[in-house]
Number of protein chains: 2
Amino acid sequence: MPWKAIGIFDSGVGGLTVLKEIVKALPQEDTIYFGDTARVPYGTKSPETVTRYSLEIASFLVKRDIKLLVVACNTASAASLDVLQKKLPIPVIGVIEPGARRAVAVTRSGKVGVIGTAGTIRSSAYAKAIKRLNPEVEVITRACPLFVPLAEEGWTDNEVARLTAHAYLDGLREEGVDTLVLGCTHYPLLKKVIGETVGDGVKLVDSAEETARTVAEILRAKAMTRPSSEQGNHHYYVTDIPAGFIRVGNRFLGGRLGDVYQVSIDGEKG
Amino acid sequence: MPWKAIGIFDSGVGGLTVLKEIVKALPQEDTIYFGDTARVPYGTKSPETVTRYSLEIASFLVKRDIKLLVVACNTASAASLDVLQKKLPIPVIGVIEPGARRAVAVTRSGKVGVIGTAGTIRSSAYAKAIKRLNPEVEVITRACPLFVPLAEEGWTDNEVARLTAHAYLDGLREEGVDTLVLGCTHYPLLKKVIGETVGDGVKLVDSAEETARTVAEILRAKAMTRPSSEQGNHHYYVTDIPAGFIRVGNRFLGGRLGDVYQVSIDGEKG
């Protein structure tokens, strides 16, 4: 069992920020990443549709013998984590719970900001998760639709990124948040600009980092990690032509993306 | 036959700029707009997949008795216009040919710029269409991935839009283009900023306007227009929850979007 891989999926390329943190935390582990690039984005689709897609992908990955599944997609975590945890015989980790837990632990003012895509913010998934942990914490949310295309374009440290960050975030700072959850897997790429915009007084919570920490804790607790002398291998599957995934993925991982395979999962039993 | 509606489809909300110009040119006509919002974007999908989707949508619209079909999507125009024109018993108009024809007519320097999404630019559809009309014209292209999210966010006249336009367009101006094709249905919303960025010396070609002009010409030539005393009705179909389409669509049409219906076309025979 320890020798099996960690499965990670996202609607597209964004979950690679989670993969990157997992590899940093557990370099000895094999990973299999699945990006549903033919059907991206999930944020505009109904929860039922997203759950159907998630089950299809989970089925594909479980057949490839994984020991743990990471739902590295905020929309899929919000829509389908419960169903996946019930249906699968392995641990399933989403990205929302770890970020929410960290935010609750970190805040001193009791005011937490959450930024994400329009879909994630509309779902209130982070607000609900934070309130479940501590109903006293006030959650102030803001959708930042331009951050994803900025990250994919590689404009993460220029004047456009800075102006955009001010337009989205100045209001949050004025409302007195002392903690800001990066509630979208793309946002860690904009961490520097976001941090400079909100200032030192606001602590950033990176869901990708927190998720990787949770994965490492669970595998260690179950004695399911590989020996730390090992060096993991990394495989990538996508559902549409890989060109765009490779280009953007290399930007996300700093040019270290390996081989990417295109597969079809139409009709895969969820 | 004249009393039938004009059918228009796009992968999402962008084609509404084409609808708007058609309504301006032919206010007496009924229209049926189809936005495939569950499967947007098309730009990252293979031509085979886009052609299959286009045939499904065309079949749906033809059953609702249309007299002419407008493919108000650059990706679908590039991938499937030929097939649709062969298969359907009614005229089918794409957005690429009208824009290309106008650019060739307008340029004096013989240097035409084309901007569009990464998918449209990669397909070389405009460059090929322009070269077919006049092989002497030099075509210089530039993908502008941030323009679509800027238009959808409504940031069409702020500092972020201006800086982004300069980053994308200054190079084109320096290369000496005197004509610039807005090769994406979203871009007419950024026309003001784009025009100010490239300056008076560069003539903008709005594919939406040119397509509407072509539609009017064809219907008039076939005596298929309704009497000009009439006032058209406008219906909208989308494949995912309509909320986002309604919000962005009202921005595109200036708040005059009518009722929007969600439909499923899974399994629709193409």
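Just so it is clear, glycine is given a Cβ too, placed from its N, Cα and C backbone atoms.
Feature annotations, courtesy of TrEMBL:
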BINDING   A:ASP10, A:SER11, A:TYR42, A:GLY43, A:ASN74, A:THR75, A:THR185, A:HIS186  substrate binding site
ACT_SITE  A:CYS73  active site, proton donor/acceptor
ACT_SITE  A:CYS184  active site, proton donor/acceptor
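Features recorded in TrEMBL, as mapped to the structure shown.
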residue: A:ASP10; record: substrate binding site; contacts (Cβ under 8 Å, 6+ apart): A:LEU16, A:VAL18, A:TYR33, A:PHE34, A:GLY35, A:ASP36, A:ALA72, A:CYS73, A:ALA76, A:THR185
residue: A:SER11; record: substrate binding site; contacts (Cβ under 8 Å, 6+ apart): A:GLY35, A:ASP36, A:THR37, A:ARG39, A:VAL40, A:PRO41, A:TYR42, A:GLY43, A:TYR53, A:CYS73, A:THR75, A:ALA76
residue: A:ASN74; record: substrate binding site; contacts (Cβ under 8 Å, 6+ apart): A:VAL95, A:ILE96, A:GLY116, A:THR117, A:GLY119, A:THR120, A:ALA125, A:GLY183, A:CYS184, A:THR185, A:SER207
residue: A:HIS186; record: substrate binding site; contacts (Cβ under 8 Å, 6+ apart): A:GLY14, A:THR17, A:PHE147, A:VAL148, A:ALA151, A:GLU152
Neighbour-count leader, CB within 10 A, active-site residues: A:CYS73, A:CYS184: A:CYS73
Count of other CB atoms lying within 10 Å of the CB belonging to A:THR75 (substrate binding site): 26
Surrounding CB atoms that lie within 10 Å of the CB of A:GLY43 (substrate binding site), all protein chains: 25
Surrounding CB atoms that lie within 10 Å of the CB of A:TYR42 (substrate binding site), all protein chains: 26
8 Å Cβ shell about A:ASP10, A:SER11, A:TYR42, A:GLY43, A:ASN74, A:THR75, A:THR185, A:HIS186 centroid, substrate site members excluded: A:GLY12, A:GLY14, A:GLY15, A:VAL40, A:PRO41, A:CYS73, A:ALA76, A:THR117, A:GLY119, A:THR120, A:CYS184
Site extent for substrate, whole Å (max Cα pair distance, A:ASP10, A:SER11, A:TYR42, A:GLY43, A:ASN74, A:THR75, A:THR185, A:HIS186): 14
